[in-house]
């Protein structure tokens with residue numbers, strides 16, 4: 001095994017929850033409302049159910065080979081050559097996802113807090129910090145997340161509570177005014193971003209100490225993540241209404257700006273940035289970690305740590321060039337990403353699961 | 001790891017010299033020859049130019065010579081007179097003459113009939129004589145014998161048990177450790193009257209031969225930790241140990257961390273409290289500071305008084321401390337970040353008053369804060385180092401010059417003075433000095449991060465510190481446990497201070513072997529109303 005660190009299922013579930021909170025929570029409201037209008041929150045709920053299905057697929061597959069990661073058992077299931085290609089795909093996917101999230105966070109930081117700072121400084125520093133965490137292994141990530149999470153989420157809830165007085169229930173009407181179809185359409189991008197992206201967590205399987213509780217922990221994380229995502233959509237809708245929400249890049253940032261307590265606590269969107277960046281930390285870290293470990297497994301290296309710096313530099317460069325501007329990014333996230341990510345998230349794991357069942361492959365009995 | 005490499009580079013050139021420093025004196029390991037005069041000559045040549053060594057020669061009976069060797073100042077002279085010399089001389093008088101005592105009889109006689117000292121040892125080499133004499137024993141050599149006898153006559157000047165200077169309490173025992181190892185072990189023994197309390201002795205230091213005691217509660221402690229402590233101390237190769245800090249730096253898990261991974265304390269009750277949680281204490285001769293391992297971040301946040309005060313109060317005080325740790329680390333950097341990058345977050349009125357007070361200040365916020373923080377640290381250090389009467393003057397000058405004059409001269413803004421003083425106070429709320437100094441040190445890079453990247457820089461700095469802390473271990477125990485990895489039941493002594501009747505189990509990380517503190521939970525009930 002490349003990383004000897006162990007985390008328990010609860011830590012893995014926490015990681016998944018933070019992963020879901022990263023990047024998506026800020027953009028989902030506009031993506032979803034542009035498709036489903038005022039019923040966007042229903043789309044997220046439906047997507048959560050789809051998300052549970054996806055989790056079921058890849059955990060069932062992963063638990064058949066509890067000592068291996070997807071890059072390793074793909075070779076067993078699909079044969080050496082096809083397996084290697086699939087492995088390569090699962091190195092590419094987290095790498096790509098990670099760069100998108102980095103670019104996304106840097107865009108956000110630049111627009112809210114540091115307008116004059118070059119983006120390469122923001123992304124570079126962030127990646128350097130994450131690389132330091134990655135070198136500590138999954139154990140470190142699990143623990144850092146465990147410390148941050150209990151601080152972050154209560155504040156998120158507090159923000160929702162503080163916004164209560166600015167919310168108008170009427171903005172959600174008419175419920176299902178355009179029928180069910182837009183709602184289903186809206187649920188599609190949410191399913192792939194962020195819920196389906198959790199497919200990366202199959203990479204963590206060999207590092208989990210009490211693997212029996214894993215499926216439960218992952219399911220729980222998806223449900224909780226779905227609830228928080230719904231909450232973000234509902235609160236933006238209630239405060240801003242569907243038409244404004246769908247036109248903004250970061251609608252959640254705009255509603256945090258609305259917060260005003262006795263003229264004393266105002267313009268706290270920079271603090272909102274802290275919350276969001278701290279969950280992005282987990283998301284990027286998981287992607288980064290999966291890439292580094294994946295490359296090491298693919299090449300059968302003895303240690304993934306030597307891959308950390310090169311992968312980081314590549315991610316930095318790629319994040320600078322991956323798209324031109326915010327508009328391109330939000331279009332990509334809303335229209336192309338769902339179709340692009342679906343094979344990674346559903347089709348390949350499902351296919352591999354079927355093949356492994358048909359071929360009666362099972363890694364549980366063996367010691368390796 | 002980079003830092004480690006640099007340090008290794010710096011120390012590499014010295015490594016070769018080390019081995020030549022202490023060559024073993026070949027004369028010392030020789031056995032006694034048995035020729036009385038020769039042996040004494042030899043001893044005198046080993047101990048030449050040592051004015052505090054006393055050779056008291058005498059005769060037993062008519063013919064047989066003897067000599068007592070001891071170090072003046074390390075022995076109880078009265079004891080030597082009364083219990084060793086006098087009986088020997090008296091015995092000589094009553095002896096039938098002129099026959100010499102034979103060695104075999106001698107041993108028996110000395111121990112059984114003549115000498116009235118509790119502890120008697122025998123040895124055959126010069127090395128042993130040297131060691132015993134230097135540690136305060138009295139050596140007896142007798143003509144015709146190739147053996148030396150050692151009588152335990154240790155006694156030297158020592159400080160009495162006083163209130164610990166660095167860990168004062170309002171409620172709780174006022175005894176502190178002293179520089180005397182045996183006093184310290186007795187202070188612990190008095191609190192735990194059980195043979196389960198073990199005190200393993202070790203000697204470290206080529207020249208200092210410092211005695212070290214590893215203490216733990218057998219049956220509660222995890223044996224693996226004790227073995228690890230023993231091994232790590234055994235690896236130490238140094239000329240002298242002058243303070244427990246030497247040991248600390250040799251045995252910590254990560255030598256390139258600002259955070260202390262070994263706890264030091266002057267309080268015996270604190271050591272005992274930790275022993276009961278399955279930890280290991282290390283007591284070192286010649287210093288009042290004992291070490292405790294393994295230790296977590298949260299252990300360092302707990303004062304022993306927390307367990308003596310009412311638990312509501314202790315819980316509140318713990319929260320106060322957590323708040324102030326964050327303040328000590330982040331307040332100046334957040335202030336800098338707000339002033340430099342995020343002025344919009346300040347409420348308008350506050351912003352106006354801050355801006356007005358900063359109008360005359362010629363520096364950017366980061367420079368202003370650095371100036372103030374550095375001078376505050378300077379004042380603090382001066383206060384510790386200066387003789388007490390002068391220290392008073394320094395604090396007056398500091399308060400007047402920095403608090404008042406600097407503001408009036410327009411060099412520093414008043415809000416900055418407030419921020420710096422709150423930070424200063426906050427850093428002193430931490431019970432462990434070594435931890436508070438680590439936090440104070442980290443404040444400076446955080447301020448630089450805030451000055452260059454605003455709140456984003458502060459977040460990045462905090463993340464680095466968090467990652468570093470979760471990666472740390474102290475003797476295998478994760479530094480941030482029980483928060484990360486989360487051990488929910490152990491939060492009873494971290495988030496709150498559970499009342500004693502609720503602390504049924506020892507902490508998971510160290511007390512796993514024998515988790516029950518008490519048989520079952522007994523909660524005192526108020527008497528029923530019918531009475």
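Yeah, the Cβs are placed from backbone N, Cα and C, and that goes for glycine too.
Nobody curates TrEMBL annotations by hand; they come from automatic prediction.
Record features, source TrEMBL:
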TRANSMEM  A:12-29  transmembrane segment
TRANSMEM  A:41-61  transmembrane segment
TRANSMEM  A:81-102  transmembrane segment
TRANSMEM  A:117-135  transmembrane segment
TRANSMEM  A:147-164  transmembrane segment
TRANSMEM  A:184-205  transmembrane segment
TRANSMEM  A:217-240  transmembrane segment
TRANSMEM  A:273-295  transmembrane segment
TRANSMEM  A:307-323  transmembrane segment
TRANSMEM  A:335-358  transmembrane segment
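Within the chain, the transmembrane segment (A:117-135) has long-range Cβ neighbours (under 8 A, six or more residues past its boundaries) at 102-103, 105-107, 109-110, 141, 144, 277, 281, 284-285, 288-289, 292, 305, 308-309, 312, 315-316, 319-320.
The stretch with the most CB contacts under 8 Å to the transmembrane segment (A:217-240), chosen from A:12-29, A:184-205, A:335-358, is A:12-29. Same-chain neighbours of the transmembrane segment (A:147-164): 14, 17-18, 21, 228, 231, 235, 238-239, 255-256, 258-259, 261, 272, 275, 278-279, 281-282, counting only residues six or more beyond its ends whose CB sits under 8 Å from a CB of the stretch. Beyond the ends of the transmembrane segment (A:273-295), by six or more residues, the same chain brings 2-3, 15, 18-19, 21-23, 25-26, 69, 71, 87, 90-91, 94-95, 97-98, 101-102, 104-105, 108-109, 112-113, 126-127, 129-131, 133-134, 138, 141, 144-145, 148, 152, 155-156, 194, 200-201, 203, 252-253, 301, 304-305, 307-308, 311-312, 315 to within a C-beta distance below 8 angstroms of the stretch. Comparing A:41-61, A:81-102, A:184-205 for CB pairs under 8 angstroms to the transmembrane segment (A:12-29), the maximum falls on A:184-205. Taking Cβ pairs closer than 8 Å, the transmembrane segment (A:184-205) reaches residues 7, 12, 15-16, 19-20, 22-24, 28, 31-33, 35-36, 39-40, 42-44, 46-48, 50-51, 54-55, 58-59, 61-63, 65-71, 90, 93-94, 97, 138, 211, 214, 218, 221-222, 225-226, 229, 283, 286-287, 289-290, 293-294, 333-334, 337-338, 341-342, 344-346, 349 in its own chain, all 6 or more past its ends.
Outside the transmembrane segment (A:335-358), and at least 6 residues removed from its termini, the chain residues within Cβ reach (under 8 Å) are 54, 57-58, 60-61, 64, 70, 73-74, 77-78, 86, 89-90, 93, 188-189, 191-193, 196-197, 199, 202. Packing against the transmembrane segment (A:41-61) from elsewhere in the chain are residues 28, 32, 35, 70, 172, 176, 183-188, 190-191, 195-196, 198-199, 201-202, 214-215, 218-219, 222-223, 225-227, 229-230, 233-234, 237, 345-346, 349-350, 352-353, 356: each is 6 or more residues past its ends and has a CB under 8 Å from a CB in it.
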